[in-house]
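Comments concern the structure below.
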């Protein structure tokens, strides 16, 4: 009985690990779909979001190919009171020393004992903050995170739900099959910008490999041209700025990259204090300075001057290179406005006027040290609010999926990923500009099966236990056979002696 109990428990563990949630097929389409639901305004940031709190619950998920995944919060709030509350939903990626914000949305007037949704929250919902990074986009379906994972998206995802004054934190560990033989290439993901990021060991392709696994609807580019950011559930000024924020905690040696403070009156930001952004690429001039090379002996000729102009730089010239940013100077960024006061629960019969939180991306970025103790910051201070045109906002962008005025899915993701993989990749690093050349390498010497470590470990344990049971049964059978053989021998001896 004890062995049976252990085997049953291990079987349930394996089932829990293997069960994965692929996004419903109705979310896979590449054309805009309108309905009557509209966000009521920008997020108020009245409920603090702390991704550093201890987890209340954990879960696992496993993705393969170009699937659209729907990560559900592994949290249960059914024991709460059903009284209406405002709810904030925020998803993060655990980057180790920092928690990378992915999406953020507020719901108003929601039942306190259920997950928020646009159907059940009578006060409406806010614009959605979403991160676009390294060919990957994220979206919310009510409280669940939608993404199309690549090899660099494997890791721990954090969800924070704030119901009134009560905060809940859950984690989902996502594993991704290590196989490149898919239309989307699989070489994308959030951690690809990390220094020294490398591909995991790639498993060989099996004979029954389903290469076209995933979401690949046809895309109507013309239908997306007139779609506004507000229709996607995003702020109206979404496409006008790219502002980088990140939330770090570990110690006061860590830094926060955020909006640069406004320069004091009478002072100007110097070039040494400014950091390059991607908009400076077109205004970069490279000049070689230092002592001019000695002219060659003899009279100068037109051919000689032409040869000097065509002369290539050598390694000795590297110490004499200056990079100068030319063009009109950029005005310093203005300080962001303070977050508005905590809102009251909203109803359909009340009008609310909201100003748009706008960050100026033209100012320089500076490094600011955190205080020794971790502090709460508003989501507007830790989220990436990127630029983009409607044609590049992939199918499941923003707040559109099955819960917003315009339903967008991951349908366009595969197409844009394939197109983007043919272009040079510009990688933004926090606090400055980093150019990276991607070298594609494939490791075919490994025999990894592509299963996650938890799955393999559970299977190995079950197989080992089953083997022990079989060995025990065999030993018992042999023991009984030996006893019977001895009994027969004793009987023969007794008959012979008689």
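Cβ from N, Cα, C; glycine included.
Record features, source Swiss-Prot:
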CARBOHYD  56  N-linked glycosylation site
CARBOHYD  86  N-linked glycosylation site
CARBOHYD  142  N-linked glycosylation site
CARBOHYD  226  N-linked glycosylation site
REGION    290-377  region 'Disordered'
COMPBIAS  308-322  compositional bias 'Acidic residues'
COMPBIAS  329-342  compositional bias 'Pro residues'
CARBOHYD  443  N-linked glycosylation site
TRANSMEM  463-483  transmembrane segment
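Using Cα positions, the member of the glycosylation sites 56, 142, 226 nearest to residue 86 (N-linked glycosylation site) is identified as 142. The highest number of surrounding Cβ atoms within 10 Å, among the glycosylation sites 56, 86, 142, 226, is found at 86. Following the DSSP three-state reduction, the secondary structure of residue 86 (N-linked glycosylation site) is strand. A distance of 20 Å separates the Cα atom of residue 142 (N-linked glycosylation site) from that of residue 56 (N-linked glycosylation site).
The distance from the Cα of residue 226 (N-linked glycosylation site) to the Cα of residue 56 (N-linked glycosylation site) comes to 43 Å.
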